[in-house]
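Taking it in order: structure first as structure tokens, then the write-up.
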Amino acid sequence: MGAYSFRVIIVGGSITGMTLAHCLDRAGIDYVILEKHKDIFAEPGISIGLMPNGSRILEQLGIYSDVHALFEGIKKIYQYMPDGYCIETDSPVNIVDRFGLPFCVIDRYQFLKVLYSKFEDKSRFHMNKKVTSICHGKSDVSVTTADGETYHGDLVVGADGVHSVVRSEMWRIGNLARPGFVTEREKSELAAEFACVFGVAKAVPGQGRWEHILRYNEDFCFMFFPASGTDVFFNVIYKLNQKYVYPDIPRFTKEEGIEVCESVGDFPVWEDVKFRDIWAQRIAFTCVPLEEHMFKNWHHRRIICVGDSVSKMSPNMGQGGNTAIESAAALTNGLRKLVTSNYPDKPSERQLSNTLETFNRNQFKRLNTVHGDARYVTRLEALDGTLKRVFARYVMGHCGDLLVGNLARIVAGGGVLDFIPLTARSGKDWPPCPWQHSWGISESIDFCKKFAVASLIVLIVVLARALDSPAGLSSGIRSSSWSF
């Protein structure tokens, strides 16, 4: 369409940044990517989950087939409680039946390689470009890097992660123009209560192909996914000894990751396999804090932040990367409409600001519930508190597809690139998923019946333990230590 007079400066060659670049490419909008590292590839061994809401956009971009080739299929999910009680579901199969696209887990390093390889013009990537400042001009915006280079454009997009320089510059500029644009209290809402050791291990001797296994434990959980061949991805998500707030969230060393993993080595994983057996076969791992928060203000003038820079969630729901892909598509939709409606002239800053405000408002509304769900699931799987312990052990297994149904609603509510026709694979024929359905299988009345039965079971268990306890009802739950 020839609308190359509008230029986007993307800061960060992340999954979010490269997905946005692919979207802009398809929309015919000019862009450049500034990456502070010498290359864009993450450390191997860190897994990322792809859900249908992210995969359908990759399919629109012609990327999904390459990504899918990296994926080892998952058919079942096994959720184990500390006492060995197991909830077995066919959720991965239900996802494919419902959406035509699977839930898959792949190596982030390999995913980034695929995204990068699909660019025909790699000259738009500029490596070793650490951003130091952003400045607004009369009709444009400029970005200066540590080596003294300056890049000019119409919009700066911060796709540079949770430690975003673009976000910091946006706050600085916003507070100069309007004191109180972002307060110290708002900044401190970005916090970490949990951390994770992400890793990948070779096959455990005698162990065949893996499925998705979740092991709930008090103050931590294990997550396992099939990797290439008989290799296995592992996540050890654990509660920190205190809540850390921005900017004082620590970064962890390999030694700290080793200490954590060795401390949980005797906990069971699957049949006779202990975690120490997997840890002994490790190929690569890293230990990181799990920051959580979504900021309300994502933009100021010609600056917008997307992905982890403004919407950071824990990995338990597997939606951080997928919702970032959604945001890249949604931002592109808005920019394309803005640019085409003003062509051949550039849109004014006010018009751009209105587009960014609409994008900000819609994405915040979309992700607010997802963030709440992710926070809850993280704490549920770490059995953080009596109510969550009771729900996980005595209620969840009797609620059918409740949690998976919630995932279905999240997936079905995602957006797409509105200027690329949908195919059957990218969700053209996805059936609606109203709130009272879960996977289109269980009606709300079925859930109510299941929940009533489960609640009765909980009541009976609590009363029975209370009657057996000399201390009475108050110790009925607290005394229920779970052991293997």
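If you go along the chain as it appears here, the first residue is 1 and each next one adds 1.
The backbone N, Cα and C atoms fix where each Cβ goes, and this holds for glycine too.
The annotation in Swiss-Prot ties GLU35, GLY49, ARG108, ASP308 to FAD, and of the candidates under consideration, GLY62, GLY100, GLY321, the one tied to the same site is GLY321. Below 8 angstroms of C-beta separation, residues 28-37, 40, 48, 57-58, 61, 108, 111-112, 115-116, 119, 124-125, 127, 131, 141, 143, 151-161, 164-166, 306-309, 321, 324-325, 327-329, 331-332, 335, 339-340, 343-344, 346-347 of the same chain, each at least six residues beyond the ends of the signal peptide (1-21), sit close to that stretch.
You'll find the Cα of TYR216 (active site) roughly 38 Å from the Cα of GLU35 (FAD binding site). Within 10 Å of the C-beta of GLY321 (FAD binding site) we count 23 further C-beta atoms, all protein chains included. Proximity of ARG108 (FAD binding site) to non-local residues of its own chain (separation of 6 or more, Cβ distance below 8 Å) is seen for ILE15, ALA42, ILE46, SER47, ILE48, given in sequence order.
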